[in-house]
Amino acid sequence: MIILGIDPGLARVGYGLIDCNMTQKKMLDCGIIKTSQDHNDGERMVEITRDLRYLINKWKPQIASVEKFFFYRSSTTIKVVQARGVVIMTLARFRVPILEFPPMQIKLAVTGSGKANKDEVSMAVIRELDLSKPPRPDDASDALAIALTAYYQQRIVK
């Protein structure tokens with residue numbers, strides 16, 4: 001099963017793809033979708049949609065896992081939530097089932113602690129996927145952690 005993890009953002013959307021079965025998991029790809037600061041928000045949303053469509057067509061994920069937010073205070077946060085909506089819409093258009101996890105659940109799933117910091121999450125991703133170095137940038141590492149959370153949840157369900 002191929003799982004696509006997404007760490008949403010307007011300037012950068014982290015993505016991580018893992019291939020897994022009940023006993024094994026490996027990283028296929030990870031990186032970021034970087035949008036142009038010179039573009040308006042609408043054009044940036046189009047960039048996210050275009051690049052996410054490319055990833056879906058290339059890898060054909062069976063499940064997508066997206067970070068869920070519980071705060072809506074600043075204008076920056078609103079833009080991130082809007083970008084997250086574009087991600088959800090694009091996945092839905094391709095009929096990719098979507099799992100959503102809050103940050104604390106992601107940290108708990110990959111490190112054993114819901115209060116883990118970025119370095120601890122990154123080290124857990126390295127260990128769990130048997131990587132030689134941390135995925136960069138942090139958004140890509142976070143996206144792999146989000147994909148791993150879906151993997152663990154699916155193993156429990158099955």
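Cβ coordinates are placed from backbone N, Cα and C, and glycine is handled just like the others.
As given in Swiss-Prot:
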BINDING   D7, D139  Mg(2+) 1 binding site
ACT_SITE  D7  active site
BINDING   E67  Mg(2+) 2 binding site
ACT_SITE  E67  active site
ACT_SITE  D139  active site
Quiz item: Cα of D139 (Mg(2+) 1 binding site) to Cα of the residue listed as 'Mg(2+) 2 binding site': how many Å, rounded?
Solution: 11
Quiz item: So which of the binding-site residues is most packed in, judged by how many other Cβ atoms lie within 10 Å of its Cβ, out of D7, E67, D139?
Solution: D7
Quiz prompt | Nearest-integer angstrom distance between the alpha carbons (Cα) of the residue listed as 'Mg(2+) 2 binding site' and D7 (Mg(2+) 1 binding site) | solution = 6
